[in-house]
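> What TrEMBL records for this protein is below:
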type   : residues  : note
DOMAIN : B:52-110  : domain 'Nitrite/Sulfite reductase ferredoxin-like'
DOMAIN : B:119-276 : domain 'Nitrite/sulphite reductase 4Fe-4S'
DOMAIN : B:344-396 : domain 'Nitrite/Sulfite reductase ferredoxin-like'
DOMAIN : B:403-544 : domain 'Nitrite/sulphite reductase 4Fe-4S'
Amino acid sequence: MKILTGNDLRSGAVVWWNGSGWSLFVDDAVDVGEDAAEILAREEAARRVNVPYAIEASIDADGHVRPAHIKDRVRALGPTVRRDLAVPTADKTGWDWVI
Amino acid sequence: MYKYDLYDQAMVDARVAEFRDQARRRLEGKLTEDQFKPLRLMNGLYLQLHAYMLRVAIPYGTLDSRQLEMLADIAERYDRGYGHFTTRQNIQYNWIRLEDAADILADLAKVEMHAIQTSGNCIRNISSDHFAGAAADEVVDPRPYAELMRQWSSFHPEFTYLPRKFKIAVIASDKDRAAMRLHDIGVRIVKRANDSGGEVGAQFYAGGGMGRTPMIAPLIRDFVPIEHFITYAEACLRVYNRYGRRDNKYKARIKILVHELGAAEYTRQVEEEFAHLLSVGVEPPREELARIAAHFADPAFIDGPKTVDRSDPDFALWVDRNTHRHKHDAYVSAVISLKPAGGIPGDATAEQMRVVARLAKQYSFDELRVMHTQNLLLPHVRIADLHAVWSALDAAGLAAPNMDTIEDIIACPGLDYCSLANARSIPLAQRISERFAETGRTEVVGELKLKISGCINACGHHHAGHIGILGVDKKGVENYQLSLGGSEAEDVSLAKITGPGFDEDGVIAAVEKVTDVYLASRAEGERFLDTYRRIGMEPFKEALYG
């Protein structure tokens, strides 16, 4: 699947396109398929998010979204060395798939 | 230490106001990110993996307690309660909101600090010997010269858009504690014998650096009279600015120009430009250097005991490891390790910063330093006060006795924070320091400088590590190259790669294996680096891959 991510303009926080807006939670990310370019252009023009881009991801058996590249997996949850600062996730196995 | 005059303060205040307006326009959608990015970078505001990151300049690593307290306040008020001290003697905050950035800069300006020129293709924060003004072996205090360079390079209209970023280090002793020859320009302040007790001048080295093409800067001028110091630096920059490659980011640093021209030809062009500039007269007035130097006068040292009570072995170990000889024999410089075993190198909580600020005020003439090794330093501690200082540090988790040991690891933020990184650095540092601390091997191994970078940009100085580790991305998986034999000290050398890389567990095991080879092979008094240089790479390769 193809999902969109970027950083929130105001806070800089990592955000994910949920179909109607930007969410802090990777599990909210939706497959944008062939619409990636159009959504990116629209959202960048609206200036709500910094340098959004499309990435490859997959969904596991429990419905959790997992970005394909290690960099985006780290972005999804936060620094692996400061789990106390991590983005809250319902995915109990979250840290298992980051690295 | 240097105090802003009205001009300095007005300049910084004006920049805060300017940035406040720029940030407002970005937040209101009147500027695109492409338009805003160069503006925020000029004020040290990056966008990293998880948030905006603000890099605050700490000129030549010198701070007072009021400034460190402000850095602690910023960590608490605007960030997540901690900051990260860097290999350029700066501090970075990892969780900054754009909405807060101008307020933070305004707070910094209240204590004579800023984030100007901590990014972009300009002259960055001037670094120096962290023992400056305290070391027994320095010719003079290098900081007045570093400060003069700071003022010369701040907003220098000709050098605001260089081909690439530009880093300068200024030292004043034979010992190099600032990786001077791994800078774009390295300056060593020296004294030449004359009838009146020695003429001060500057040696210039040009074209060093780490990154993807590491190079050691060659000496290009053995002695520049101090009254022409800035003029010579200007000549070095002018030649680079004129001929440095702007067509290829990866070949744009001065080291490539010096390498491609050859040191002799680069020097010839600098000398030609220098002669021209002498006729123009760009050197600041001598009175300006004198005005600056007055800020760095020695504090009022007093005599006292020259030894400590060593009955507490933990204290004695810390004294042996973490204190450095001072020019006054009743004092030492005390290193505050930000490398507890298993900790994150260079990170300090707001509360720890406040502890250090209080100790600086009480015991070190209100002065402290940030070391390029990502530690802090109290430069002037009376030996009589050492136990009290150690006790307070110990209570704050700041008394790890590990300076220059394998636990004193330099590590860049790596893939845990940095958008350029290919692999994580910090977890390796944590696991290695923990492993050596647990097994008690740290003291057995002795001096061993291990440096880790999460990408080829080498912010973790891996090229200069006795042991260096470089993280790379191997088909989406972290992989680590091991290298041996680097040094950023006066015996400068570049580390050589051992062979194929390792995964995370593998590289930690590899570090243990190479230290095993060292322990089995070392001659009396040899450091790891000495043994490596004597026996060469082969025994280490045999242990790793044989």
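Each Cβ is built from the backbone N, Cα and C atoms, and glycine gets one as well.
I'd like to know what surrounds each of these features in this structure.
With DSSP states grouped into helix (H, G, I), strand (E, B) and coil, the domain 'Nitrite/Sulfite reductase ferredoxin-like' (B:344-396) comes out at 27 helix, 13 strand, 13 coil.
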> Sort out for me which stretch, of B:119-276, B:344-396, B:403-544, has the most Cβ pairs below 8 angstroms to the domain 'Nitrite/Sulfite reductase ferredoxin-like' (B:52-110).
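If we count Cβ pairs closer than 8 Å to the domain 'Nitrite/Sulfite reductase ferredoxin-like' (B:52-110), B:344-396 scores highest.
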> Over the span of the domain 'Nitrite/sulphite reductase 4Fe-4S' (B:403-544), count residues by DSSP class, listing helix, strand and coil in order.
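Taking the domain 'Nitrite/sulphite reductase 4Fe-4S' (B:403-544) as a whole: 58 helix, 27 strand, 57 coil.
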> Would you mind splitting the domain 'Nitrite/Sulfite reductase ferredoxin-like' (B:52-110) into helix, strand and coil residue counts from DSSP?
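Across the domain 'Nitrite/Sulfite reductase ferredoxin-like' (B:52-110), DSSP assigns the residues as follows: 29 helix, 17 strand, 13 coil.
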> Could you pull the average pLDDT for the domain 'Nitrite/Sulfite reductase ferredoxin-like' (B:52-110)?
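Reported value for the domain 'Nitrite/Sulfite reductase ferredoxin-like' (B:52-110) is a mean pLDDT of 97.
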